[in-house]
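Let me begin by presenting the structure, written as structure tokens, before commenting on it.
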Amino acid sequence: MDENQTEVVRDFVLAGFSQIPSIETGLFVLFLFFYVSTWIGNVLIMVTVASDNYLNSSPMYFLLGNLSFLDLCYSSVTTPKLLADFLDKDKLIPYDQCIVQLFFLHFVGAAEMFLLTVMAYDRYVAICRPLHYTTIMSRRLCCVLVAASWMGGFVHSTVQTILTIRLPFCGPNQVDNFFCDVPPVIKLACADTFVIELLMVSNSGLISTSSFVVLVSSYSTILVKIRSKEGRRKALSTCGSHLMVVTLFFGPCIFIYARPFSTFSVDKMVSVLYNVITPMLNPLIYTLRNKEVKSAMQKLWDRSGLTWKKQET
């Protein structure tokens, strides 16, 4: 392939979420609501955990605050561009911006997978070894595990990005999704991508599938070790919100990344689940099922109201 061919594609065209222009204004309003809700919910969780001494000193809530931050970052990688494209007919994205979006999508997404696995370990220690919980899950270990999650996401994303940017792109240039991701982007390459697809599937697919297996195994171990019915009921109640998050996040990821890079009509809907819906639902799932978080939020609200009244007087 000559030098001119490799420089042809400088912009990609995103296919977008919908091919029906008449409904895009309505979709813009709907997804704007999702995105604003994601910001409000996750920022509220982070502020609540940071402002409450008990929650801030608890390993579980420290990890929950970090999960909210990752959710906020993850949603912000793709949703702002999606909202802009609802109002833009061209839906262009420069090659460099496409690669940057792809990098941060896998960086934050993989970091969240690793963090969810860390949170499952935290629940295992809390339920199966309660007397040693505070000793094992020290603040130092929690910080190390969070840092390791970020580092794991960075390494994973770097590998995915390097494999992508080494490919030549000389047309066509339409990405069959509403954001730049590895599967639809490398299908546009002017080269045989069979080996690279295998490498990427073994990378992304292995991470998502193995993390999911570890999570399910940890919860199964918890239930097996608890003998009493009352204990199992409490364990299920404690881990229920986490299981819900795992199902919503890992299910779509495994569907997308643990198979050969072929396109299905449901891919965009599945992508919406883990890119837009799950980051919005996480705060609701954790707060609605958690009395301690709701109590801390009420105290935060009461303190805010009291401060406001003092300022008025």
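Keep in mind that glycine also has a Cβ here, set from the backbone N, Cα and C atoms.
The transmembrane segment feature in TrEMBL is assigned to 27-49 (among others). With a cut-off of 8 Å between Cβ atoms, the residues of this chain six or more beyond the transmembrane segment (27-49) that come close are 17-18, 55-56, 61-62, 64-65, 68-69, 71-72, 75, 79-80, 82-83, 86-87, 276-277, 279-280, 282-284, 286-287, 293, 296-297, 300.
The domain 'G-protein coupled receptors family 1 profile' annotation in TrEMBL covers 41-286.
Under the heading transmembrane segment, TrEMBL lists 99-121 (among others).
Beyond the transmembrane segment (141-159), the same-chain residues lying 6 or more positions past its ends with a Cβ under 8 Å from any Cβ of the stretch are 59, 62-63, 66, 103-115, 118, 121, 203-204, 207. Annotation source TrEMBL lists transmembrane segment at 141-159 (among others).
Annotated transmembrane segment per TrEMBL: 205-224 (among others), in sequence order.
Residues annotated as transmembrane segment in TrEMBL: 236-257 (among others).
Sequence-distant neighbours of the transmembrane segment (269-288) (same chain, 6+ residues past either end, Cβ-Cβ under 8 Å): 17, 31, 34-35, 37-38, 41-42, 44-45, 64, 67-68, 71-72, 74-75, 77-79, 82, 109, 177-179, 181, 241, 244-245, 248-249, 251-253, 255-256, 294, 297. The transmembrane segment annotation in TrEMBL covers 269-288 (among others).
Over the domain 'G-protein coupled receptors family 1 profile' (41-286) the predicted model carries a mean pLDDT of 87.
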